[in-house]
Amino acid sequence: MRGPAVLLTVALATLLAPGAGAPVQSQGSQNKLLLVSFDGFRWNYDQDVDTPNLDAMARDGVKARYMTPAFVTMTSPCHFTLVTGKYIENHGVVHNMYYNTTSKVKLPYHATLGIQRWWDNGSVPIWITAQRQGLRAGSFFYPGGNVTYQGVAVTRSRKEGIAHNYKNETEWRANIDTVMAWFTEEDLDLVTLYFGEPDSTGHRYGPESPERREMVRQVDRTVGYLRESIARNHLTDRLNLIITSDHGMTTVDKRAGDLVEFHKFPNFTFRDIEFELLDYGPNGMLLPKEGRLEKVYDALKDAHPKLHVYKKEAFPEAFHYANNPRVTPLLMYSDLGYVIHGRINVQFNNGEHGFDNKDMDMKTIFRAVGPSFRAGLEVEPFESVHVYELMCRLLGIVPEANDGHLATLLPMLHTESALPPDGRPTLLPKGRSALPPSSRPLLVMGLLGTVILLSEVA
């Protein structure tokens, strides 16, 4: 019986060696990937503005008629769906604001970007998955990209300041230059790049305003500069580019006699509420005081024809939103164009999002071009939850558990890009293991035990 014991000892040594568990390929043989998000770019923003660079990208690559974001259609939740492939109830970033119903702490959007425990709550985004499989990743202003996940930070990251000017076109180009250097000088494989427009302009002036149209022209010029930069850095044949967004935008209805105002509802009082998250577009959450859930629900369920109020367990499953411990016992949203006012009226935006993701004004864009994508292809609409699986395929990495389906977007790719290399498992760079670090000690212990038993038998 010494022969099997020797073989198992060799297997144990192999498992402990660097790169065990994965076929080997040389560094640099996989195409790189750049995911760009222009916040709040509604699906039809290119239809009332001349956008020659976005049009050229569609001719050279793939265009979706539109993309359906996750619900709730907010910036951070929808961006995290893109990089995890999970619906919001499953990845847990349920709001732009960090909140705690026990301490009553609520933090605004920019502060929440740096709250590690808000983001790192069980889901592993694509940056970390890529790095664990031997790649190098970067995040430039992308929501969630500057905190650690299970103790791992993104290779390179930048976070904007609280008073950041999202409109500065000169800075946009400088940011692109930095990202190109990350690819060429630091050999990053994946970068996510975020721009805060046309969302800010849409909020301030409204989606039908001339200011929004001018901002879309700026976005288009930036797309042109980006593609020129890719060519100038000799990346055209080895970098796949995806341009998308988190959600759309709609015009806010400000008619004084038709507002959704909690402080004017006759049978409702904030004295029954332990915690509230209101005055954030069309969405709201309430934690009633103990024993007052039914009273609050009865007061609100028919309080306004444009307001939809649900107990958590009755919230429509199609939204894939409410089944998360961070969601309060009562939650609500309003119809398209209506925002929810709480104790006083503090919302004055002309444009807003956060509405039902089935509303066309919440739909957004998807464009892709590069060596893996077909040219001149327009595809039918799809959900943003599928983009993660596509990106993992483009990078040649094994995805985490997710809610997307790779088959949904495979028709975008050339046949050779749609299939695993030679039908074999995903290849990893030299010196890295496909086995998660947490699983290797268990395998080692199992093999050691087998070796000892066989030695005793012998």
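Glycine too: its Cβ is placed from the backbone N, Cα and C atoms.
Record note: Swiss-Prot gives ASP199, HIS203 as Zn(2+) 2-binding, and the candidate from HIS353, HIS386, HIS405, HIS414 in that site is HIS353. Taking Swiss-Prot as the reference, the stretch among 72-78, 303-309, 310-316, 415-421 described by the feature region 'Required for enzyme activity' is residues 72-78. Take the Zn(2+) 1 site that Swiss-Prot assigns to THR75, ASP246, HIS247: the candidate from ASP39, ASP120, ASP298 listed for it is ASP39. Model confidence over the topological domain 'Extracellular' (22-433) is summarised by a mean pLDDT of 94. ASN146 (N-linked glycosylation site) and ASN100 (N-linked glycosylation site) are 21 Å apart (CA-CA, integer value). Cβ crowding, taken as the number of other Cβ atoms within 10 Å, peaks at ASN96 among the recorded positions ASN96, ASN146, ASN267.
The Cβ of ASN121 (N-linked glycosylation site) lies under 8 Å from the Cβ of HIS91, GLY92, VAL93, each of these being in the same chain and 6 or more residues away along the sequence.
When other Cβ atoms within 10 Å of the Cβ of ASN100 (N-linked glycosylation site) are tallied across all protein chains shown, the result is 13. In this structure the C-alpha atoms belonging to ASN267 (N-linked glycosylation site) and ASN146 (N-linked glycosylation site) are separated by 44 Å. In the three-state DSSP assignment, the secondary structure recorded for ASN121 (N-linked glycosylation site) is coil. For the pair ASN168 (N-linked glycosylation site) and ASN146 (N-linked glycosylation site), the Cα-Cα distance reads 22 Å.
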